[in-house]
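This report refers to the structure that appears directly beneath it.
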Amino acid sequence: MSQPGPPGSGAAPAGLQAQNGAAAASGAPYSNGPVHSAMMSSQVAVHQGYNSQLPGSYPHLIPAKTLNPVSGQSHYGGSQGLEQTLHRPPVAANVVAPSLRSGPVPQMPAPASQSPAATPRPSDDFLPGVSPLPPVNWQHSYPSMGSQMSHYPPPASQLPLSGNTNVSTNHQYVSSGDPSLQNSYVKSGSALPLRTPPLPTTFQPGAPPGPPPVGGPPLVRALVPQKASLRTAPQPSFSSAVNQEATPQLATKNPQMSRSVGYAYPSLPPGYQNTTPPSSSTGMPPSSLNYPSGPQAFSQTPLGANHLTASMSGLSLHPEGLRIVNLLQERKMLPSTPLQPPVPNLHEDIQKLNCNPELFRCTLTNIPQTQALLNKAKLPLGLLLHPFKDLVQLPVVTSSTIVRCRSCRTYINPFVSFLDQRRWKCNLCYRVNDVPEEFMYNPLTRVYGEPHRRPEVQNATIEFMAPSEYMLRPPQPPVYLFVFDVSHNAVETGYLNSVCQSLLDNLDLLPGNTRTKIGFITFDSTIHFYSLQEGLSQPQMLIISDIDDVFIPMPENLLVNLHESKELVQGLLKTLPQMFTTSLETQSALGPALQAAFKLMSPTGGRMTVFQTQLPTLGVGALKPREEPNHRSSAKEIHLTPSTDFYKKLALDCSGQQVAVDLFLLSGQYSDLASLGCISRYSAGSVYYYPSYHHQHNPVQVQKLHKELQRYLTRKIGFEAVMRIRCTKGLSIHTFHGNFFVRSTDLLSLPNVNPDAGYAVQMSVEESLTDTQLVSFQSALLYTSSKGERRIRVHTLCLPVVSTLNEVFLGADVQAISGLLANMAVDRSVTASLSDARDALVNAVVDSLSAYRSSVLSNQQPGLMVPFSLRLFPLFVLALLKQKSFQTGTNVRLDERIFAMCQVKNQPLVYLMLTTHPSLYRVDNLSDEGALNINDRTIPQPPILQLSVENLSRDGAFLMDAGSVLMLWVGKNCAQNFLSQVLGVQNYASIPQIRTDLPELDTPESARTIAFISWLREQRPFFPVLYVIRDESPMKANFLQNMVEDRTESALSYYEFLLHIQQQVNK
């Protein structure tokens, strides 16, 4: 069955290489490419480069796209030429956004093998308006978003619950029995609807005008700045394939609606304090922050001009934020508890409704009023999203009317203003819209005439059940295809036993319903299909030896209904590991196997899971070894770009047919992940890497694969998704980071969306924001659940606008800035060089601190003076320079470096920061003081220590949490009590050289230590392996490598780095 799409679209196979940008032809590996936006034309879009249209393409949202046959570049609408594609002119006058500048950087004294920057570059290299190089991997850049403001709702996250998309805590609208009032908002599991005492609703036409364009009617809620708190984490945005969330655009639509982001979450607001999180059955722990569940009521105080002049700066509310720190004297600025995002300086009534920072977070929580002000601050403006995150509570609305702005298609949200009961003003484009009749009824209070109390206007994160107009075809069934490498090398690793057993254990937990389909392909030098037709006594193997012209034998019996053929599937999984034990076939025809799998899945779409153990050697997509161990340290010569565009082109084909490809690479040898990773990057899949996997020699990797595969198979999944991000008029998005394909200028195509993926976007201020004191960002993810429901997950974030440089620095979110810079540095590594990226990271610190010194500090003092908000900026950048993605030296294998870069691009911010700057705890003296109590478990909370050897002592034991690995270092003189009560050994010498577990002993010390380590593991979707390390252990070098503040082979110590920064700032 061909893929449905918007009418009038023709086939254009030639366009495939342009889909993710110009990178295909040029070989720029991670680049999702520049995309140009012309003003949205309301005509039907021309080809998108697929033989048939994707279910998500919505005609009037997609500008006509033309393809340059030579370069593979796609242009949207009219006159942009190729030179604009690669060298985009500044979006606004003087657009120089602060970011990674990799110029003739004053070289840091290079310890060991640090190589100098190659070509001198202007100081605005990483800036939005200047693009000397083609955009880098995974990055889609386009100058500005024109009027195309229809973005797709990002998926909200829910706990996986074995694939069940309806979490028990979801709020549903259910029929209340009265045919005319069919929605009552009831929390499932509770007998009565939630009750909110009626609040005074004041619609006062005579009140003074509010922040949106002057002269408009009053806002419904006071916007007086106050300190509140929020935590926003990066959110992956997934939008479902059918982007019917947009309707034909009206002539009055405001051009250029894009949104900007800001960061500043100084402290958590009252509603977001730690509480006891419910346990999660799937290993994904509840968020540490409990956001208010259910609709939050607010009193609608009319907004007056006098309230606004309280100045959004609210500087008096941030005494700590205004502190100036001399880092050379106060280096130990790392808090002993996890660093919290800054809280936007908003009125508490607005802040309590704001989006959780774990889902949606801005690098600046105070948005600069103009691009000139942003340029002056030299800080990057961008958003980090984790849109499909598992959520403990998610309001779900089932209503025939989804209320959206008629002009920009924004979903109604807590930050719109009601002019009266019948009209509301959009907070993104300021258009006044009518309130639909059905929306007048409040299902919570069962009162008519309270649209401002509806759940849609009380929750910044909400999920809608989408009606049929959001579908271009009936929702597809969940389809899972597994592709196994069965060459001699693969059989030697023994991975098939582990994977097939995991599949058998979790077969009933795969997300889906009675329509779920499953299939299997194996390959070596030939391709093997398995017929699982009902009625067969055992699976039938079909071998295709002509890998140059792959075809599908018996297509109807290769993908079968899991429930109807379960016994055959179980039989195949039990026999598969033994079928190839005697194979001597060493060749690997991965490319042809992927082509066959694509043909098999094209009619429906779905998820393809590929296991590969070596470099592909046969047929299309065959690769050659490129790693030269002696050149590992040469920052310019390493191969970070793909050696072929085969995998990228195939990924774009897959994306066009709603197929996502997840790659599990289990290899001890170089496998060219730079090339293979493209198959996942552009199809919205994920990459998993297990170096040196072996079922006997490397039991730690076996355990890790088993745990992560269990999470992978059972976590929530969204199919045929699309995501769009909208922002207030005046702001524009110009670059995306993550795993996806940009289908039109601002629409991300996500064939699959998972709760563990993060995304980032870069933004600029295109028009002055002087007429408004608040800006909003909204991500919308449209997807098909595994139960076949079309859903829209919407997150909305509101931030204040400021007019002074001091306020911009005050609102800087240092973690979000570091995460965005890491994404940009990966792109720079690929398009330019590793040394260029490293220099750009250093310059980001130098530039912003120079700007602060010259423009904010009134008297120049000796030392390195930084605003309190950026006190950890140099430390985090130094940690990035020592991270596997960017470190120099010969100890990082090329595939490991590429995998680390994949993680930077695809991980939510919270995990990226943990991998970059690990947490160090002393654990030989754990106590119950300050402990958390979760489900009758007591979880100790030891303080976090600075990452320096001076904090270690030989009489203690220290646990380092580096995200994907936990290392427990035991000092030589560690107390006997800890050795016997926790490690279960008599003395230090009895600790084995390699130990990867702790015994469960019947002692309070053992219980505390195991509870703490288990709690850390529950905080993430991947499985961190534990290593117990003593002085002579081979892992000790890894432990010391993570001591970011100490000098290493490839980078300075923290103090030396600060001296270098000071020298550059004071020039």
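Cβ from N, Cα, C; glycine included.
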Range among 1-42, 295-336, 337-378, 421-462 that TrEMBL annotates as region 'Disordered': 1-42
Local confidence of the domain 'Sec23/Sec24 beta-sandwich' (718-802) - pLDDT mean: 96
For the domain 'Sec23/Sec24 helical' (813-913), the number of residues DSSP places in helix, strand and coil: 70 helix, 3 strand, 28 coil
DSSP-assigned states of the domain 'Gelsolin-like' (939-1013) in counts, ordered helix, strand, coil: 24 helix, 15 strand, 36 coil
